[in-house]
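**Student:** Input: one structure, supplied below.
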Amino acid sequence: MSTHHDNLPATAEPAEDRFTNPGFPPHTPRRSDVDERAARRASVQVVTLFTISALASIAFLVAYYAIDPELKGSIIGIGEVNLFHVVLGLTMGLSLLGIGLGAVHWAKTLMPDEESVEERHTMASAQEDRDAVGRQLSHGWRSTHLNRRSALLGSAGGALGLFALPLVVPVLAGLGPRPRGELYTTNWEAGKRLMIDPSGAPIRAADVTQGSVFHVMPDGFVGAAAHELDPQDMMTSKAKDQVILVKLDPAKIKSQKQRDWGYDGIVAYSKVCTHVGCPVALYEQQTHHLLCPCHQSTFDMTDDCKVIFGPAKRPLPQLPITVDDEGYIVAVDGFREPIGPSFWERKRPGILMEDEG
Amino acid sequence: MSSPAALRRSPLALLVVLFLGLCFTGTAYAALQPSAAPGTSAATMSAEDVAAGKKLFLGNCATCHGTNGEGVDPIGPSLVGAGAAAVDFQVSTGRMPLPAPGVQADRNASQVKFSEEEISQLAAYVDSLGPGPDVPAAEYTDLQGADIAAGGAAYRTNCAMCHNSSGTGGALTRGKYAPTLMGVEPQHIYEAMLTGPQSMPVFNDNNLTPQDKENIIAFLKNMEEGGNSYGGAGIGSYGPAGDALFVWTLGIGTLIALAVWIGRKAA
């Protein structure tokens, strides 16, 4: 019999009774089942819980009208709070909790406690019922003429399918205007001064000492000038024009392009993270790491802001800068690539730019 | 006896650790950047103060910063040009002398090793090594006439990303962190902005004017007094993560306890 010496798993011997049915554990009556005093005590407890709930509901209503909504009070361990809200919350919570605890306690101590068995029956209906349903469905299908006139089915399907469009289109269209060229451009352009955010003061190259960091916005979009703008333009500018300006030791900069686009070690980078667009602004002046607070993407400022940690995939775009006649830092040009998170058409501006009209 | 684990438990190990600690004290100390503003404390302090400061310096700082404050690579940076503000900040907040090497020197107000006079002597000595930012004038730290709203705007642009919108601090990379600003002396906040200790960048007077700095401090003091509190437990003002942790632990814990109670058979 033991001629097979392969590595196949052993086939289990069909076992009739692999487990003996242990049956029910012996029924132990509860204290309230055998002791009338315990049962009475349980019923008093349930009544008490329901009464607490009822009183809390009444207290809620009283508090709603009696307490001044502005009334402040101090609670130990929490501090100053609005008493109106605290009392409403406590009373309503107590009211619900009383009902819940009362119902559970009632079910556990007073309602019947016998274990019972519900036998399973076969899921399928009787064969004759199933045949009858099949005959009805088949008759119904034939009486619609759908089996002979297929145009009926096509047109009905078309009508129902198209009906979804009036529901879906307004939702999609209501998401706002489709993003177009503004994804590729910012308000930075040649000769635009870099201004300190939020004061709006221009920055002299000589004032940027090593180790310092300046949070920068373009001239005309920060300080007093920003309040003249349309609020939407101001917020859009705040979202995409934000720039971080630092001065590094030129000898520490590893990228020639970064050195060329900066001025004497002063470099400016977009502050919008290339991952999902949070402001990357945690600059560590000793390591020159730039950390994004949202998902911990870390950029190396000495190496053209390459990603050294985290989910971001592209380096931060650099803003080319120089100094104007008066010694203030200005942009040489706008950003040479779209700032911020990636999007599908990022490398093909034509797709969105052409239909800007 | 010769296994590393056994050696680690030997009483000699404590001495070795202490020795190493002394050798590397100052590893995490920041490279302090000179500012354009020349110090003035050397002018107001006498030559005796500078001499007394030098004595203190040689006794307490020279191991890591060099006998002339020139720095010892890589354990302690040069203090030439660090200025009186940096000395006052580092020493009167208990960060220096560094008790143990680590990623960052911690504020330790109960471990200030020197009296105010000794700190000003030390500052006078370091200031005499090279001009650096001076301890701020009292008019910028008394918060008289400061604009809290403007301070809040400047704080949110320049500070909030590291120190949290309510000034309670936050994490940086590799174990470093931005400390809480609650309960910090106005003068020390000012000096930190001026000198940029450790990972913190410098905010010189051309970036944030002395008035801007005073506004920021006034905003922080306003936060400290509950200016941003709308009632209820702040739970440290750490933001949504702390709140969620608290509510989940407490709420889910209560729900589990209730579920266990409901599922149990009555006695």
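Counting starts with 1 at the first residue shown.
Cβ atoms here come from the backbone N, Cα and C positions, even for glycine.
TrEMBL feature annotations, pasted as is:
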- B:Cys61, B:Cys64, B:His65: heme c 1 binding site (BINDING)
- B:Cys159, B:Cys162, B:His163: heme c 2 binding site (BINDING)
- B:48-130: domain 'Cytochrome c' (DOMAIN)
- B:146-224: domain 'Cytochrome c' (DOMAIN)
- B:1-30: signal peptide (SIGNAL)
- B:245-263: transmembrane segment (TRANSMEM)
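Quick one: how deep are these features, and who are their neighbours?
**Tutor:** A sphere of 10 angstroms centred on the C-beta of B:Cys61 (heme c 1 binding site) encloses 27 other C-beta atoms.
B:His163 (heme c 2 binding site) falls within a helix when secondary structure is assigned with DSSP. The Cβ neighbour count for B:His163 (heme c 2 binding site), using a 10 Å radius and every protein chain shown, is 22.
Here the domain 'Cytochrome c' (B:48-130) is broken down by DSSP into helix, strand and coil counts: 44 helix, 2 strand, 37 coil.
Broken down by DSSP into helix, strand and coil, the domain 'Cytochrome c' (B:146-224) contains 40 helix, 5 strand, 34 coil.
Taking Cβ pairs closer than 8 Å, the transmembrane segment (B:245-263) reaches residues 235 in its own chain, all 6 or more past its ends.
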**Student:** If proximity means a C-beta under 8 angstroms from chain A, which of B:Cys61, B:Cys64, B:Cys159, B:Cys162 count? These are the binding-site residues.
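**Tutor:** Listed binding-site residues meeting the cut-off: B:Cys162.
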**Student:** Enumerate same-chain residues with a sequence separation of six or more from B:Cys162 (heme c 2 binding site) and a Cβ-Cβ distance below 8 A; give 'none' if the list is empty.
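**Tutor:** B:Gly169, B:Gly170, B:Leu172, B:Ala178, B:Met200 - these are the non-local Cβ neighbours of B:Cys162 (heme c 2 binding site), listed in sequence order.
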**Student:** List the Cα distance (Å, whole number) between B:Cys64 (heme c 1 binding site) and B:Cys159 (heme c 2 binding site).
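**Tutor:** Counting only the Cα atoms, the answer is 30 Å.
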**Student:** For B:Cys159 (heme c 2 binding site) and B:His65 (heme c 1 binding site), what Cα-Cα distance in Å is obtained after rounding to a whole number?
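**Tutor:** Given the Cα positions, B:Cys159 (heme c 2 binding site) is 29 Å from B:His65 (heme c 1 binding site).
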